[in-house]
Amino acid sequence: MHIDVIGHGPALVLLHGWALHGGVFAPLVERLAPHYQLHLVDLPGHGFSRDDSTPLALPYVVAEIAAATPPAVWLGWSLGGLFALHAAATLPQVRGLAMIAATPRFVRGSDWPSAVQREVFVQFGVELSRDYRGTLERFLALDTLGSAHARSELRSLRETLTARGEPAPEALQQGLTLLERTDLRRTVPQLARPSLWIAGQRDRLVPAAGMHAAAALSPHAQALTIAGGGHAPFLGHADQVSEALQRFVASVP
């Protein structure tokens, strides 16, 4: 699995969202690299890990990342949040957890109302097999929908998407399955490490209310909503997100 290591200081592992790669965090890298050693992961089937045959399953991926990185705060955006949360719940080397636009369960349920309908991910899976590039474009548009900086964020995501080659279709299907079926809510109250949950106020994929509901499950959590932010608030609101991360990491024992 490809992992870029940039900067010096306390370690921070960053895990990207569906169809992207570690390069998507460029605005955060610019601001955080002077203070931290950043470990930017390309998940299997994505970016420079496109040919990595590791199944996109939480235990396998987390174990491989953990073996290649030092004790660190783990940050997960969107799909990457599921891997980061699983790591925080199972590995003592995870010092803290930062979740950006990510919850332990991405689909709506009778006891989890602030989420999207399951059919959203099912339909993306169907469309992906019919129209690969068109489906990716529609997903990127959904990532930025509602954001105060939607145009510039969409432009950035489009440029990033294929900068390291196109993601593997099989990995994309596996990622959609994870988003549709994973429910890690039971692990959150057991988190022994501090956590930070950063939501975008206008996020259409992971509503801010869902982020705050997730944070409320953890005994050591902070929650922050970025005003005007969409599903990728670290793009259009990089200063706010990086400042929040620096405050959080400084507070981690």
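Any Cβ shown, glycine's included, is placed from N, Cα and C.
Swiss-Prot has this to say about the protein:
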type: ACT_SITE; residues: SER78; note: active site, nucleophile
type: ACT_SITE; residues: ASP203; note: active site
type: ACT_SITE; residues: HIS231; note: active site
type: BINDING; residues: TRP18, SER78, LEU79, PHE139, LEU140, ALA141, LEU142, ASP143, HIS231; note: substrate binding site
Going along the chain, which residues six or more apart from SER78 (active site, nucleophile) have their CB under 8 A from its CB?
HIS16, GLY17, TRP18, ILE100, ALA101, ALA102, ASP143, LEU205, VAL206, HIS231, ALA232
Among LEU79, LEU140, LEU142, the one of these binding-site residues whose Cβ has the fewest neighbouring Cβ atoms within 10 Å:
LEU142
Distance between ASP203 (active site) and LEU140 (substrate binding site) at the Cα atoms, whole Å?
13
What is the number of other Cβ atoms found within 10 Å of the Cβ of HIS231 (active site)?
28
If you pair up every Cα among TRP18, SER78, LEU79, PHE139, LEU140, ALA141, LEU142, ASP143, HIS231, the residues annotated as binding substrate, what's the maximum separation in angstrom, rounded to an integer?
16
